[in-house]
Amino acid sequence: MGPSLDASIALAALGPFLAAALAPVVHRFAGRYAGWVLAVVPASIFIFLLGFIEPIASRRFVQASLEWVPSYGLNLSFFIDGLSLTFALTISGIGALIILYAGSYLAGHPHQGRFLGFMLAFMGAMLGLVLADNMLALFMFWELTSVTSFLLIGFDHARQAARRGAIQALVITNIGGMGLLLGVILVQQLTGTWEISGLRGLGDGMREHGLYPLVLILFLMAAFTKSAQFPLHFWLPNAMEAPTPVSAFLHSATMVQGGVYLLSRMTPFLGGTDMWTVTLVSFGGVTLIWGALGSIRQTDLKQMLAQTTIASLGLLVLLIGLGNEAAIAAVVVYFIAHALYKAGLFMVAGAIDHETGTRDITLLSGLSDKMPLTFIGAALAALSMVGLPLTLGYLGKEEMYLALADADWRSWLLLAVLVIGNALLAGVAMALAIKPFLGPLATTPKSPHEAPIAMLIGPLVLGGLGIGVAVMTDWFAHDIVVPAASTVLDVAVESHLSLALKPTSILFWLSVLTWVLGVLVFLQMAAIRTTLRRLDAAIGWTLDQGFDSVMFGLIRFSGAVTRFFHHGKLELYLVVVFAGLALAVMVPVLGMGGMDVLLPTHELGDWSAKLSWPDLRIYEWGVIALAVLGLGALLTASSRLVAILALGVQGTAVALIFLLFGAPDLAFTQFMVEILSVVILTLVMTRLRLDERDHRQFEDWARDGTLAIVCGAGVSLLLMVVLSGTLDPRMSDFFTATSVPIAHGHNIVNVILVDYRGFDTLGEISVVMAAGIAILALIRGKKKPGTLAPDVAKRQRKSALKAAK
Amino acid sequence: MNTVIFRTIAPLIVSIMLVFSVYVCLRGHNEPGGGFIGGLIAASAIAIFGMSSGVERVRAAIRVDPLSIAGFGVFIAGLSGLMSLFTGSPFLTSIWLYLDLGETVLPLSTPMIFDIGVYLVVFGTISAIALALEGEGGDI
């Protein structure tokens, strides 16, 4: 394995991002052929990955690694084993067809280049997710799929529903993403490795660890949100606001399968416990039935498909929970079968919508003459979805029934759930393939005609594969299913897939039962739909509305918190700030033994002896008198202008003290600050009234006075405490000794500012500048109240009214 | 406040203060002074100029928006820190260059550029605030 292989594997995951960046340019030059050009990228990744089938089938896995953050020992590592290869092949293969489809579906759309870019970026994130070995990289790609799918779902961002769907998907999947991050970090802390491949063989220790439930919950949070498990499934139907190519890609082979991938990947490490099995099986089972019933309730083609996706995800989660050999083999087969037929059906739905102008199944009929190739695509996909013999769907269904073949009452219960779920899905599949195409031609908003070739390739190829792959049963079982299932179970698995019909086996009769029930469902669909809708109306509340309530509650809550702290009363802000200062200085002085240093208890008796008249020179007395004079003038000032000037006098006296005691830099700065404070305060006060005295209520006066005295006394005491101890001279010695030799400066204060602690200063000057911008905004905002945001202006008017009262 | 005496003498004071501020800034490395103090002095000069001659004249005289000066200050301060990357040392490591001018040696350094950046930020920000307030505040 040379570096070139490393690079090319990494390129398989990262290449789509490059293509995404180029997509708008390609679209500009290639125009309506952009889809054809860009589909080359996923297609070549697909072909590159095909080459791994043979080695993986015999050698188990291939690793590749690029340096990422070497100082933390992090590598951007990828690996290919049976599981990731299965997912990556499905993603890139279907991805190529989808890009092709999207190029035609959105032909002429002004933002098609951007759209194709989003699609490719999403594909890159998805490939990275399934190929990543490093768990932080896995998390990063996981979040990237959320972000890119946000862009895709909200692509039509002028519509409110699209924005809502996008935000909902982002919120829900990001909650899971946080869980994944925590879970990954926790696993790294427990095992000491960031690599998934490094977790091999550590599963037993993990399952017995006290923190196992926490780790499991974190990972399940991630998987259940991404894979739309009940009760967090509602984002998926709303994500149907996306253009159809997005739905076809996200909800067949990618996005939502991220959770399935994660669960499969973690099976050797976390799986097999009672907690795992019970949680996965029950959530999966409920989701299966819920989604299947949900799809019958719908009449919109895309919504029906979205609900069946939820059902299929539930089915997969249930099977992963079961975790025996047949169940895992069924997961692999069903994942592929589902990806193929679901992507195909979505593309068919998109084609119907594109050519007729409606997606309502009750309005569609008799399209088979007008759109024969679309009908073939739909029929092929539906065959696999129903699970008729000779299709991948059949293999998957037989395998999952086999997984429950032991005669346990729980198995019988689950078997019943599976049969009912599959029958409901089969009924929907028949409806999707038969209702729009057969019967008399119905009038539709647009007069129907066959879809363009780029939109037909996808459904036809995928539908064909659903049968073609199944026919090559031995190759499929040996080279795809066995390596993938072996990876999940971490033991070598035997394959027993067979297309042969065995009338002696109960499994066959379960299949027959499923088909019969499916036909019944299909025939009675309208009646079931009416019942379900009535039931819905009776409940009158959906989880989707619950999401809205939670979100609005959150907004109201943060609004309330903000209003509580950000009340807009400057006086109170200052009170809080100075109360904080008082606490910050008084707590160490009084509470942490500061006073003992200053005034040891055993000397308390003769404290008066310690007080002596300070030995000061006459001009020093003069300066102090000036400061006191300024203070007195400030307190008794007859107008604000006088008060400001008095404050300046007091400050100048302090500056003089600095000067007298050998801190010229400080004194210098203090002078300038005092002058500018007076000038700026005066300028500010010109907006108020300069010639008035401050009016304060007695309570305000007492409160402000107390705070001022406590702060002043606190700072003085703190300084005295600090000065009464011995200062650690190491820092000042260091600066004195090195200032000239290494920093070439004699003024230590300045050298510290610009050299030793230049980074601090850089931060400080940025803050100064930011503060300046904020102040200017305040001044200018005041000038033109019309330019304020309406809600701010409203709040200001309100507070002005309150003040007037 | 807007007396003839003040208006007459203000430009003189302002020019002296501005020159002095540069002097204070540049000598800061070895003697009391530095970019911060220099910037404050220059900003005070601008504030005085604004009071005596009106904000419009000051704005015309400095030509660029004071806040842009501040922005430029942050920019060159950051840039002076990046210089050290060329020598392979960490961000903000100082580089010194002694120019031999025959009679005297002129020390140039990245901390000096950094200090000039500080000067410009303080000068620009405070001037911007003072001018904005003066422009709004009416007569003083």
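Every residue, even glycine, has its Cβ placed from backbone N, Cα and C.
Taken residue by residue, the domain 'NADH-Ubiquinone oxidoreductase (complex I) chain 5 N-terminal' (A:71-115) breaks down under DSSP into 30 helix, 8 strand, 7 coil. Summarising the annotation, TrEMBL assigns domain 'NADH-Ubiquinone oxidoreductase (complex I) chain 5 N-terminal' to A:71-115.
The domain 'NADH:quinone oxidoreductase/Mrp antiporter transmembrane' feature in TrEMBL is assigned to A:132-415.
Per TrEMBL, domain 'MrpA C-terminal/MbhD' is recorded for A:626-689. In the predicted model, the domain 'MrpA C-terminal/MbhD' (A:626-689) shows an average pLDDT of 85.
Taking H, G and I as helix, E and B as strand and the rest as coil, DSSP gives the domain 'MrpA C-terminal/MbhE' (A:702-781) the counts 70 helix, 0 strand, 10 coil. Look at TrEMBL and you will find A:702-781 tagged as domain 'MrpA C-terminal/MbhE'.
Per TrEMBL, the feature transmembrane segment maps to A:33-53 (among others).
Summarising the annotation, TrEMBL assigns transmembrane segment to A:73-103 (among others).
Residues annotated as transmembrane segment in TrEMBL: A:167-190 (among others).
Non-local neighbours of the transmembrane segment (A:275-293) in the same chain are 212-213, 216, 220, 224, 228-230, 233, 263, 307-323, 414, 417-418, 420-421, 424-425, 428, 532; each lies 6+ residues outside the stretch with a CB under 8 Å from one of its CB atoms. If you look up TrEMBL, you'll see A:275-293 (among others) marked as transmembrane segment.
Within its own chain, the transmembrane segment (A:373-392) is flanked in space by residues 308, 333, 336-337, 340-342, 344-345, 347-348, 351-352, 355, 367, 422, 425-426, 428-430, 432-433, 436-437, 450-451, 456, 458-460, 462-464, 466-467, 469-471, 499, 501, 511, 514-515, 518, which lie at least six positions past its ends and keep a Cβ under 8 Å from the stretch. Per TrEMBL, transmembrane segment is recorded for A:373-392 (among others).
Look at TrEMBL and you will find A:412-433 (among others) tagged as transmembrane segment. Sequence-distant neighbours of the transmembrane segment (A:412-433) (same chain, 6+ residues past either end, Cβ-Cβ under 8 Å): 281, 285, 288-289, 292-293, 295-296, 301, 304-305, 308, 311-312, 314-315, 318, 322, 341, 345, 348-349, 361, 375, 378-379, 381-382, 385-387, 397, 400-401, 404, 510, 513-522, 525.
Annotated transmembrane segment per TrEMBL: A:453-473 (among others), in sequence order. Counting residues 6+ beyond its ends, the transmembrane segment (A:453-473) has Cβ neighbours under 8 Å at 35-36, 94, 97-98, 100-101, 103-105, 248, 336-337, 340-341, 343-345, 347-348, 350-351, 354, 373-374, 376-381, 383-384, 390-395, 497-499 in the same chain.
Under the heading transmembrane segment, TrEMBL lists A:506-528 (among others).
What TrEMBL lists as transmembrane segment is A:572-598 (among others).
The transmembrane segment annotation in TrEMBL covers A:618-635 (among others). Listed as Cβ neighbours of the transmembrane segment (A:618-635) (distance under 8 Å, sequence separation of 6 or more from its ends, same chain) are residues 642-643, 645-654, 656-657, 660.
Taken from TrEMBL, the feature transmembrane segment applies to A:707-727 (among others).
Summarising the annotation, TrEMBL assigns transmembrane segment to A:761-779 (among others).
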Same-chain residue ranges lying at least 6 outside the transmembrane segment (A:572-598) that approach it to Cβ under 8 Å: 703-704, 707-708, 710-711, 714-715, 717-718, 720-721, 724-725
DSSP-derived helix, strand and coil totals, residue by residue, for the domain 'MrpA C-terminal/MbhD' (A:626-689): 54 helix, 0 strand, 10 coil
